[in-house]
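*Asks:* Right, I'll just put the structure down here and ask away after.
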Amino acid sequence: MGRLFGTDGVRGLYEKELTLQLAYALGRAGAQVLAENRRHKPVIVLGRDTRFSGPMLEEALVKGICSTGAKALLLGVVPTPAVAYLTRFYRADAGIVISASHNPAKDNGIKFFNHEGYKLPDAVEDSIEARIEEEGLLARPMLEPEQIRVEDIHEQAVTDYVDFAASIPAASFKGLKVFLDCANGAASETAEKTFRKLGAEVSAIFAKPDGYNINDGCGSTHMEALQRKMREGAYDVGFAFDGDADRCLAVDARGNLVDGDQIMALCATQMKQKGLLKRDTIVVTVMSNLGLHLFAEKAGMHLEVTKVGDRYVLERMLEQGYNIGGEQSGHVIFLDDNTTGDGLLSSLHVCQTMLELNQPLEELAGLMQVLPQVLLNVQATKEQKERYEQDPAVSAEIAFVEKQLKGAGRVLIRPSGTEPLIRVMLEGEHPEEIEAYAHRIAKAIENVK
């Protein structure tokens with residue numbers, strides 16, 4: 001079979017690509033691999049987002065986990081970063097998240113954290129796949145009732161994560177008016193509770209999940225509703241999370257979008273002033289706006305650039321000892337606080353920076369000038385993803401556009417690791433011009449056979 005794990009765990013259409021049998025096998029194999037060399041009966045925590053398929057996949061995973069003699073702690077609906085934190089906090093042997101992040105409700109996914117709360121490297125994922133392929137693994141052993149060790153700790157998990165998140169800011173948020181878009185996802189319970197615990201005046205939309213409305217016209221991939229609300233003028237800052245709340249984007253009091261690049265710029269500025277920015281460095285991906293590079297140069301900071309994916313950002317941070325990094329899409333990792341991107345923590349850091357510097361978000365976001373950028377998502381088959389780089393027509397269009405930009409912009413083409421898309425990104429001085437160039441390249445990609 002082809003490789004199960006993509007750039008963010010195993011993901012696919014529920015029942016067609018991500019089946020209950022596969023979930024069982026992942027639970028069983030994952031428990032075996034991640035608990036190897038542990039001298040006690042392993043404990044694995046499981047959390048999920050609000051998709052209708054979550055409870056069924058959770059049940060299948062639990063059966064696989066318990067078939068190895070491990071115990072399953074059910075966190076229920078909690079953000080992905082809550083699972084990372086609580087895996088460490090509860091001293092569990094591993095954590096599992098059932099989520100497809102910003103994808104629609106029909107999709108779902110399964111990803112793992114090790115006992116330290118970090119996403120798994122490729123080698124460990126390969127070991128889990130190899131265990132699944134071993135003969136007889138998929139057979140379901142008969143379990144006696146006393147062998148099934150499961151405990152539902154949802155209420156305690158929410159309390160522990162909210163307490164942790166609320167401990168990050170150094171001061172109260174009293175007087176701050178915050179508006180949230182929870183994407184009908186995993187942040188629907190924890191985000192509002194955290195801001196209230198910190199003393200903020202908070203309201204939320206899209207915080208009533210029904211299993212099918214996650215990311216549906218809401219959240220960090222659909223910012224329009226939050227922007228409209230902020231333009232009414234009643235709130236200081238707004239935040240939109242994605243389905244599993246490992247990312248967030250902000251909106252200022254005038255309704256302007258503040259993306260992940262800008263969030264990193266303003267937070268790193270305050271960290272540098274306080275002597276907390278390790279090696280004066282931010283870790284970013286190739287998708288970050290050129291404006292962030294210009295900001296960093298002016299601010300006396302260094303940018304480390306990785307390929308796209310928060311796992312690669314994290315790897316560089318761990319290798320070199322950096323403590324902030326992320327993506328333009330809103331995945332921002334504050335490594336002093338948590339081991340993965342955490343949308344709630346990002347929003348708290350933004351608010352803390354606003355209060356400490358006594359500046360509104362629209363002024364802080366202006367620290368970085370966002371250069372014109374166009375991003376097109378081109379529907380693409382697996383074959384097109386594999387062939388577009390060798391296609392003469394695509395290569396010709398890219399060469400033409402790069403010549404026209406005359407060094408005052410850039411072209412970046414990359415296939416998505418989680419969706420049937422090829423992303424076409426252009427930056428340049430003139431928005432209308434780069435929009436037209438992006439469509440030229442996109443059309444050439446669509447014609448790849």
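The backbone N, Cα and C atoms fix where each Cβ goes, glycine too.
All TrEMBL annotations are machine predictions without curation.
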*Asks:* In TrEMBL, ASP242, ASP244, ASP246 are given as binding Mg(2+), so which of SER101, SER395, SER416 is in that site too?
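*Replies:* Within the candidate list, TrEMBL flags SER101.
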*Asks:* Specify the count of other C-beta atoms within 10 Å of the C-beta of ASP246 (Mg(2+) binding site).
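*Replies:* Cβ-Cβ neighbours of ASP246 (Mg(2+) binding site) within 10 Å number 32.
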*Asks:* What's the number of neighbouring CB atoms sitting within 10 A of the CB on SER101 (active site, phosphoserine intermediate)?
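*Replies:* Its Cβ shell of radius 10 Å holds 28 other Cβ atoms.
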*Asks:* Using DSSP, break the domain 'Alpha-D-phosphohexomutase alpha/beta/alpha' (3-135) down into helix, strand and coil residues and give each count.
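*Replies:* Tallying H, G and I as helix, E and B as strand, the rest coil: 50 helix, 35 strand, 48 coil.
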*Asks:* Would you say the domain 'Alpha-D-phosphohexomutase alpha/beta/alpha' (3-135) and the domain 'Alpha-D-phosphohexomutase alpha/beta/alpha' (161-255) are touching, if the rule is that at least three C-beta pairs must lie under 8 angstroms and be 6 or more residues apart?
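*Replies:* Between the domain 'Alpha-D-phosphohexomutase alpha/beta/alpha' (3-135) and the domain 'Alpha-D-phosphohexomutase alpha/beta/alpha' (161-255), which are separate recorded stretches, there is contact, as judged by 3 or more close Cβ pairs.
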*Asks:* Measure from the CA atom of ASP242 (Mg(2+) binding site) to the CA atom of SER101 (active site, phosphoserine intermediate) and give the result in Å, rounded to a whole number.
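*Replies:* Between the Cα atoms of SER101 (active site, phosphoserine intermediate) and ASP242 (Mg(2+) binding site), the distance comes to 6 Å.
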